[in-house]
Amino acid sequence: MFIINLLLYIVPILLAVAFLTLVERKVLGYMQFRKGPNIVGPYGLLQPIADAVKLFTKEPLRPLTSSISMFIIAPILALTIALTIWTPLPMPHTLIDLNLGLLFILALSGLSVYSILWSGWASNSKYALIGALRAVAQTISYEVTLAIILLSIMLINGSFTLKNLIITQENMELIVTTWPLAMMWYVSTLAETNRAPFDLTEGESELVSGFNVEYAAGPFAMFFLAEYANIMVMNAMTTILFLGSSLNHNFTHLNTLSFMTKTLALTLLFLWIRASYPRFRYDQLMHLLWKSFLPITLALCLWFISIPVALSCIPPQL
């Protein structure tokens, strides 16, 4: 039974990721006055299936000088972590209900750095290694602000369980009271998932393709799936943390529909940002975090600690 639950969890995520690639190409196409994919199937709807067949039937190439085991393990690890992060998310019910769900998600998003680092090092290519080092520095840096923002939210929420967050936001979404945190969280998720305008790991002009330059066929598709699964999970997290994923506790179908709609809207905003903004310079990226976001998040964290203490109020307890 657990295997069936697991499959019912994983297959829709992979399908959503596949069609997210189509949505991205269509959105970018229309924003650049092009059509996007429109040959395979009606309106290009079967393009992700054609891409999957092409990628998984090609011969997986491996550089002669690469470290074989690590080269193969890295993409598998990336996809495994990207899919595992979904398990504690209430949509509105979780696959595994964890007491420390938020810490679990934060820890796994930190682990995803290893797959990028291993792939860059095992490829034995200077471009891949530079891309991997950039990715590691960027991801670890932005995790600092993500952790502090989560701590601030937890001080309002009263526990680390994600289900408690839904109860906290029954009357009012947290984005109303914590909008500066929400803005910084959203920008940090862009950097955490290596998306434009923070896609310095795959700067085509200087790094050819970044950490995955030596990958082709199936392993490349795994990295691709992991990246888009991470984008969706980060937007799902944003919905749960700030937008209140539930509408009515008597109709759980409505809750799921509300959650999906908000997550989709945030994902489309990711694509809109990619079409609108040029890439940051690396020093600007680091200055934004260490000189802007970190001081503000620390100050806001102190503010959210002082409010319950000053007003002698406690967060909602289950």
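Backbone N, Cα and C define each Cβ position, glycine as well.
What Swiss-Prot records for 2-22, 68-88, 100-120, 136-156, 172-192, 223-243, 253-273, 294-314 is transmembrane segment.
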Region pair the transmembrane segment (2-22) / the transmembrane segment (223-243), three or more CB pairs under 8 Å = yes
Taking the transmembrane segment (100-120) as the first stretch and the transmembrane segment (294-314) as the second, find out whether 3 or more Cβ pairs fall under 8 Å, excluding pairs closer than 6 in sequence.
-> no
Compare 68-88, 136-156, 223-243 by their Cβ pairs under 8 Å to the transmembrane segment (294-314) and return the stretch that comes out on top.
-> 136-156
